[in-house]
Protein chains: 2
Amino acid sequence: MAIRVQDILNQLIEPVGQLDVTVDTLKSGDPSMEVKGIATTFMATHHVIQKAIELGVNLLITHEGTFYHHHDQIVLLSNDPVYQAKQKLIEESGIAIFRFHDYWHRYRPDGIMVGLIQALDWAPFVTENRPAASLLTIPPMTVKELALHVTNKLGISFVRVAGDQSMTCTRIGLLAGYRGGGGMAIPLFQEDVDVIIAGEGPEWETPEYVRDAVHQGRKKAFIALGHAESEEPGMKYLAEMMGALFPDLPVHFISEAQVFRSI
Amino acid sequence: MAIRVQDILNQLIEPVGQLDVTVDTLKSGDPSMEVKGIATTFMATHHVIQKAIELGVNLLITHEGTFYHHHDQIVLLSNDPVYQAKQKLIEESGIAIFRFHDYWHRYRPDGIMVGLIQALDWAPFVTENRPAASLLTIPPMTVKELALHVTNKLGISFVRVAGDQSMTCTRIGLLAGYRGGGGMAIPLFQEDVDVIIAGEGPEWETPEYVRDAVHQGRKKAFIALGHAESEEPGMKYLAEMMGALFPDLPVHFISEAQVFRSI
């Protein structure tokens, strides 16, 4: 029996229930189209969409928006040549693009976090999963060793580190995506976390708190993985989960290179 | 005749006129206190405040908030030991801390931008100063050379670069602080800018636009300086300006180390 785009979306949404307000909508394609192949990705870049088409995929599930903004402000881009070329590729291919952001974060535990913890090889060290953060107690290592562990496991060329690199740490607060801001991260330090590892956050919030803490003689550090770097593993994990849910369909995960280089 | 804190604030505000809504308020200290010495800084870190006190400064002018948030959400921090130690230092010293953010950005040209352009040695290359961005045409160089020029001139250990490092560029869009987001930066690319250099911005907006543009064969790049890295020179420039305005008062600029290291 044919599996249609809408069938897949229904199954993905089911564990959470329909949200009244969400960015998770079908951005392109026909919900009644028969699905020939599925791919998941952090963000549907031009390159990712082309790769998906080459793989015979007609349903691409992306965590972030396609047009460089949480609410896809396409009105600003209507005359932009980069937007137009990407939009043409999407329209001509007929590919369905579904954003799976809010729902995936509302799985319990958060699907993005499950993938990140798995990628870091830290599943045995989780002490608590909260809605927006996980707490872990890892074997003691220095912050520098921790940074190298993380870059190695995630296969990325750099992370940004604030605080004392030589201090030994064991209690980790882990936050994926744009959850590294002071409002979310600083309260974790108050619970005796040594190091916060986050995707992205405003630079003069948590990192500057850490600077002050270290100056006052406290052992604290902050590691910014990068937004995509912190969430891509969760979309890889989604592909694994969907492969099990839909064994008759090809399911791929499409990775992208790190968008930034450190120079 | 004694110069009081309020006299200094009045003079700083005067070119713009009083704003109805602004974060630029006196955060600590007595407006009628006689000013013995002034210091400017990007952010009043614990270390910066101590240094100011050591220098005999009793009016510290900071660009960003003291407590890790644009609106200084102290309610979240009231039991936090880092906050408490810093607040104690401020109260016991009696130092006046004035935030000079909105006004300085509303000077024409933006005072922060003047300092940044001066630090980059690019004053002769400015073609247009807009309220939130400056456009420049610099001597042609590769993006990699540009990144090295910038790190060298600003005295910083790294910047983050998206796009093609080997491409030659000449048209630069420069945005200080948190103005690197897609809404501000992408329209500049539509005006034929080759490279946008910004302080900070959401990672999957402008950098991902650049990734798509390069994939489509267009020559574009994005350099993230860091928020503090992009605005500190403007606070140094403020110290120079205030030294000329108040020749009888000692005026210092207090720098901080880069908050992040790239590992």
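Yeah, the Cβs are placed from backbone N, Cα and C, and that goes for glycine too.
Site annotation (TrEMBL, ligand divalent metal cation) includes A:His227, A:Glu231; from A:His47, A:His63, A:His69, the additional listed residue is A:His63. A simple way to gauge crowding: the CB of A:Glu231 (divalent metal cation binding site) has 28 other CB atoms within 10 angstroms, across all the protein chains here. In the three-state DSSP classification, A:Glu231 (divalent metal cation binding site) falls within a helix.
Around A:His227 (divalent metal cation binding site), taking its Cβ as the centre, 27 other Cβ atoms fall within 10 Å, counting all chains.
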